[in-house]
Amino acid sequence: MTSWPPRIVIRRSSGLRTMESALVRSGLGPVAGVDEAGRGACAGPLVVAACVLAPKPYPALARLDDSKKLTERTREELFPAITRLAVAWSVVSFPADEVDRMGVHVANIEGMRRAVAGLTTTPGYVLTDGFRVPGLPAPSLPVIGGDAAAACIAAASVLAKVSRDRVMVAMDETHPGYGFAIHKGYNTPAHLAALEVLGPCPEHRRSWSNVAALLHRVDNSSGSAR
């Protein structure tokens with residue numbers, strides 16, 4: 001019995017475009033890639049992006065790779081090139097309180113659905129970065145390390161990362177002292193030290209253990225003082 005999609009599709013390839021090309025040759029295009037940014041942060045939004053690239057070389061995207069391997073400058077330079085050259089792209093965001101209400105995994109999966117639904121081109125196949133996503137409008141495949149294995153996922157990774165980083169830089173102006181523009185809401189020593197001094201702001205995720213523990217200590221201290 002022949003597996004479907006073809007086995008070549010699910011192997012991690014040496015070239016970023018091999019996965020998309022194999023799917024398109026099998027009649028399953030256009031192919032959308034989906035990825036997120038901010039899943040592990042204790043502050044700021046969860047941002048999810050979807051992107052469809054045509055199965056052809058893009059000289060302007062020659063540096064495209066897993067966004068975590070790229071410098072901030074390179075990501076910023078790639079962002080307008082991706083939005084200009086992509087067949088379709090979409091970015092959705094969940095603020096901290098919504099991540100708390102839904103749970104980060106549920107928000108991530110729902111974000112992937114919404115990002116794909118927001119594409120102006122309906123994909124024939126969807127590649128997600130590591131997560132199985134039920135309820136998509138097309139067949140899909142989770143790819144471990146997908147942002148390093150498929151160009152459309154790498155492009156979505158850059159879109160999500162740059163979009164979120166820009167929000168965090170603006171948030172640094174609204175909530176000074178935490179260093180959001182530097183650490184982007186992740187649990188760095190500097191961020192944790194600022195949290196101890198300033199306490200959580202409205203952009204911190206109350207469901208995160210370190211934020212919840214700090215709030216618990218503050219509540220106990222307030223209770224003891226009364």
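Including glycine, each Cβ sits where the backbone N, Cα and C put it.
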Quick check: of Asp97, Asp100, Asp129, which does Swiss-Prot put in the same divalent metal cation site as Asp35, Glu36?
Asp129
Just counting, how many other CB atoms are there within 10 A of the CB of Glu36 (divalent metal cation binding site)?
29
Site with most surrounding Cβ atoms, counting all protein chains shown within 10 Å, from the binding-site residues Asp35, Asp129
Asp35
